[in-house]
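What Swiss-Prot records for 1-159 is domain 'Obg', and it gives sequence analysis as the kind of evidence. According to Swiss-Prot, the domain 'OBG-type G' annotation covers 160-329, on the basis of sequence analysis. Positions annotated as GTP binding site by Swiss-Prot: 166-173, 191-195, 213-216, 283-286, 310-312. As annotated by Swiss-Prot, Mg(2+) binding site applies to S173, T193.
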Amino acid sequence: MKFVDEATLIVQSGDGGRGCVSFRRERFIPRGGPDGGNGGKGGDVVLVATRAKHTLYHFRYKHRFQAQRGGYGSGANRHGKNGEDLLIEVPVGTIVRDAETSEIIADLSVEEERCIVCHGGRGGKGNKHFTSSTYRAPRFAQDGEEGEEKTLKLELKLLADVGLVGLPNAGKSSLITALTAARPKIGAYPFTTLAPSLGVLQDPYGEPVVIADIPGLIEGAAQGAGLGHRFLRHIERNRLLIHLIDASQVTAEDPLASYQAINKELSSYDQALGEKPQIVVLNKMDLPEAEEGACLFKQSCGNLQVLQISAILGEGLDELIEAIFAQLREPGRRPS
């Protein structure tokens with residue numbers, strides 16, 4: 001299924017039902033009073049967060065939704081049936097904005113969390129409601145209130161514990177495949193991954209760890225280059241970043257070039273991203289040039305802790321997994 005992380009919806013709640021004009025008609029009561037019931041309330045439009053969906057793809061072709069209107073009132077003081085609420089499922093991690101003002105209406109970050117985005121119209125009053133000591137036979141009733149209509153902008157931010165970041169072709173897809181059961185597209189050319197993918201790493205002593213493979217960032221991503229804004233926003237909720245570097249591409253002229261480029265983009269987008277804890281990992285240690293590149297990087301990075309792995313061969317992964325669990329178990333690293 002194609003990953004879609006933005007969608008625009010037009011939603012409308014149900015109109016209230018019309019009140020009824022009716023008079024009591026029974027044997028031996030020739031002049032029964034008014035008995036018109038009220039109309040029913042229109043249905044609300046409710047967004048519901050669910051982990052059963054991981055993308056906004058289901059809104060690609062259907063983007064207009066309307067809740068049920070309220071039923072009409074009837075005689076014998078019978079009220080109209082309330083319209084059913086319309087429940088629209090969205091993935092956990094969806095931010096709901098008013099498309100016209102960009103104001104955030106809701107941040108649905110918890111399973112089964114709900115938000116009423118449009119309230120149904122109130123039902124109209126039947127003619128019985130308008131009787132008085134001086135007006136005993138009103139021959140009119142009230143129309144139901146119109147429902148609300150809104151245009152919503154949905155933005156999905158993945159809820160993952162760990163985010164994999166790095167330049168294109170650093171080996172992020174190979175790493176998430178090696179660590180989890182995820183199966184993203186893998187290739188020996190930049191931008192193989194065009195959308196985030198998720199995998200789950202089982203912690204034998206704690207909760208499962210969700211890892212997100214974030215598509216490769218490029219210079220200018222913080223300003224939107226290469227769909228940078230859409231990729232970077234998925235990192236905002238990560239508790240830990242794995243900063244992956246292709247060791248075979250480290251050069252003597254500027255050993256820290258790729259490392260500094262990614263950190264610059266993170267900080268430019270949001271200072272908080274640049275301050276997130278990172279595990280720096282040199283990948284592709286199976287390639288001939290990687291050993292020299294790793295030495296150059298370590299000589300230039302000072303006291304920075306660096307791990308070396310080969311995602312393709314599975315080398316060094318046990319140490320990386322231990323480092324991930326150790327970081328996430330630290331106080332204050334649990335999700336709020």
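Cβ from N, Cα, C; glycine included.
The local packing around K284 (GTP binding site), expressed as other Cβ atoms within 10 Å of its Cβ over all shown chains, amounts to 25.
Closest to S173 (Mg(2+) binding site) in space, going by CA atoms and restricting to the binding-site residues G166, P215, S310, is P215.
DSSP assigns S310 (GTP binding site) to a strand in the three-state reduction.
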